[in-house]
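S.K.: This structure is in C-alpha cells; I'll ask about it shortly.
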C-alpha cells in the first residue's frame, strides 16, 4: 500500500504583543508549527484487526492511537498489516505469518515499525523453541532490510489474567531475546499486567478486547509510539 509522501512545512507566525500605549514598540514571539508526517508500519493479529467483540474500524487501537497522537501534534501516515490467527510462526486466516505481513507493510522511509503479538504462536511445536526464535529473527531482519533507518517497537502479547500459561511465557521470552538482539525496544505487557483484573475490557469470548479494551490499548501504546518518534 502506498502512503502519502512525507513533507515538512515550517510555518512561523509573528505574534505582536502591545506593551503600554499604541505608540510603544512591539515585541514578537515566533511560533513554529511542524507538519511532518511520521511513516509507521504496524504488524499484528486479531488484537489489531479488531473482531466482532470490538475494535473494528475507527474503534481499533490503531485508529484511536493516531487520533491521540494527532491531538498532541504527532501526525502519522500508517500502513497496518494484521491478520486474525496469525503469529510469527503460525499462519493466519489468509495463510500469512508476521514475516509476510512485514513484507507487505514496511516501506523504506518508515520511521517506526511496530510488532504486536502474538498469542497465536502457542500453536507452534513446544518441543522446538528454536523454530519460533528463527521465525522472529527472520521477521525483524526483514524489517531492518526494508526500512534501514526505522526504529523497531516490539510489544509481546498480553494475557488477560494473572495466571499466565507456560507457552505464553516462552513466547514472551523469545520475543524479548530477539528484540534485544535486533536493537529493538521491547515491551512486556505480561510483566506490566495489561488487562489483569480488568474483565470489563475483554469481550464475551474471554480473549479479545472489546471497544473499551481497544481504547485501553491505545492509552498504553500511543505514548510508546510517541517516545520512539519524538522522544
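Residue 1 is the first one shown; counting continues down the chain.
Glycine residues also receive a Cβ, built from the backbone N, Cα and C atoms like all the rest.
Annotations for this protein, taken from Swiss-Prot, read as follows:
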{"type": "ACT_SITE", "residues": "46", "note": "active site, nucleophile"}
{"type": "ACT_SITE", "residues": "205", "note": "active site, proton donor"}
{"type": "ACT_SITE", "residues": "208", "note": "active site, proton acceptor"}
{"type": "SIGNAL", "residues": "1-20", "note": "signal peptide"}
{"type": "SITE", "residues": "87", "note": "site 'Transition state stabilizer'"}
{"type": "SITE", "residues": "120", "note": "site 'Transition state stabilizer'"}
S.K.: In DSSP terms, helix, strand or coil for residue 205 (active site, proton donor)?
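M.R.: Note: residue 205 (active site, proton donor) is coil by DSSP, not helix or strand.
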S.K.: In whole Å, how far does the CA atom of the residue listed as 'active site, proton donor' lie from that of residue 87 (site 'Transition state stabilizer')?
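M.R.: Rounded to the nearest whole number, the Cα-Cα distance is 20 Å.
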S.K.: Compare the C-alpha of the residue listed as 'active site, proton acceptor' with the C-alpha of each of the recorded positions 46, 87, 120, and give the closest one.
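M.R.: Given the candidates 46, 87, 120, the nearest one is 46.
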S.K.: For residue 120 (site 'Transition state stabilizer'), write down the residues of its own chain that are at least 6 apart in sequence and whose Cβ falls under 8 Å from its Cβ; none is a fine answer.
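M.R.: Correct list: 45, 85, 86, 87, 90, 92.
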S.K.: Name the secondary structure element type, per DSSP in three states, that contains residue 87 (site 'Transition state stabilizer').
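M.R.: Looking at the DSSP assignment, residue 87 (site 'Transition state stabilizer') belongs to neither helix nor strand, so coil.
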S.K.: Look up the residue listed as 'active site, nucleophile' in the DSSP assignment and report helix, strand or coil.
M.R.: helix
S.K.: State the count of C-beta atoms found within 10 angstroms of the C-beta of residue 87 (site 'Transition state stabilizer'), not counting that atom itself.
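M.R.: Summing over all protein chains shown, residue 87 (site 'Transition state stabilizer') has 24 other Cβ atoms within 10 Å.
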